[in-house]
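Student: Checked TrEMBL, it gives:
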TRANSMEM  6-29  transmembrane segment
DOMAIN    64-253  domain 'ABC transmembrane type-1'
TRANSMEM  70-90  transmembrane segment
TRANSMEM  99-120  transmembrane segment
TRANSMEM  132-153  transmembrane segment
TRANSMEM  174-196  transmembrane segment
TRANSMEM  232-253  transmembrane segment
Amino acid sequence: MKKHILTFLMAAVLLAWFFPLFWLVLTSLKTENQIISGESLLRGSLTLANYIKAFSATEIFAWLKNSFLISFFTMVGTVVLDLPIAYALARIHFKGRNILFWCIMASMMIPFQVLIIPLYLQFNGYGLLNTLSAVVLPRLVFPVGIFIIKQFYEGVPAALEEAAFIDGANRFKIFTFIMVPLGKSAIVTTLIIAFINAWNDFLWPLIVISETVKYPVTVGIANFQGTHGTEYALIMAGAFIASVPQFIFYAIFRKQIIAGLVTTGIKG
């Protein structure tokens with residue numbers, strides 16, 4: 001009996017997760033007239049016209065390129081900054097270490113909306129508005145990534161570092177040649193989360209980017225809602241196109257994600 005209940009609950013959860021995607025794909029294959037008329041999505045013919053229009057009549061290729069660049073540099077910057085911070089907090093004993101860690105964790109409690117005006121004024125002063133750098137920079141210090149990597153490094157036996165010190169290795173060599181390779185699963189998990197967050201970002205790019213050709217794909221799709229009405233079918237096609245890279249990315253690295261979450265003790 002319990003097994004049947006569990007199966008039913010799992011099926012219900014899967015349905016709740018996949019129905020919006022099913023609805024999105026089906027809507028993207030309908031004409032605008034079919035959607036406006038209120039016709040059932042399960043009836044009528046299907047068409048690829050919205051996808052053809054998205055690729056031929058919009059700047060979606062440029063938007064996808066911008067999103068890839070933003071996500072790539074966010075991932076690289078996140079690792080370059082967060083990895084040594086996490087290692088120092090986990091393995092180096094210094095005064096105020098715990099206070100610093102909890103200050104970083106507390107920053108996650110601050111809504112990003114509170115920081116929009118100060119960040120905007122700051123980037124305006126630097127002359128970085130309407131650049132991809134303005135989109136990337138606020139995301140580089142990633143508290144969740146610091147937490148994930150720190151949790152992993154705290155589980156590494158101290159004897160490993162002590163043996164390396166005895167063999168004559170300094171702190172930099174231990175970090176570079178021992179701790180970084182050991183932390184592969186936690187690092188990959190952080191990279192993937194950083195990629196997804198950067199790819200899905202909407203509000204901040206909308207504020208700092210003014211040229212249409214520089215939009216990331218999330219903001220570009222919203223641009224389909226023009227002064228003459230909203231093209232719902234085209235928006236759905238664009239949304240599905242924008243989702244495909246994330247599905248591919250997750251499919252490739254799903255084992256690393258699970259391994260990273262397990263080894264760092266994070267429960268879903």
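Backbone N, Cα and C atoms are what each Cβ position is placed from, and that goes for glycine too.
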Student: As a test: from 6-29, 70-90, 132-153, 174-196, 232-253, pick the stretch that has the greatest number of Cβ pairs under 8 Å with the transmembrane segment (99-120).
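Tutor: Maximum Cβ contact count belongs to 132-153.
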Student: Go through 6-29, 132-153, 174-196, 232-253 and flag the stretch with the largest number of C-beta pairs under 8 Å relative to the transmembrane segment (70-90).
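Tutor: Maximum Cβ contact count belongs to 132-153.
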Student: Can you tell me which parts of the same chain pack against the transmembrane segment (6-29), counting only residues 6+ beyond its ends and a CB-CB cutoff under 8 A?
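Tutor: Cβ under 8 Å, 6 or more out: 35, 41-42, 46-48, 50-51, 232-233, 236-237, 239-240, 243.
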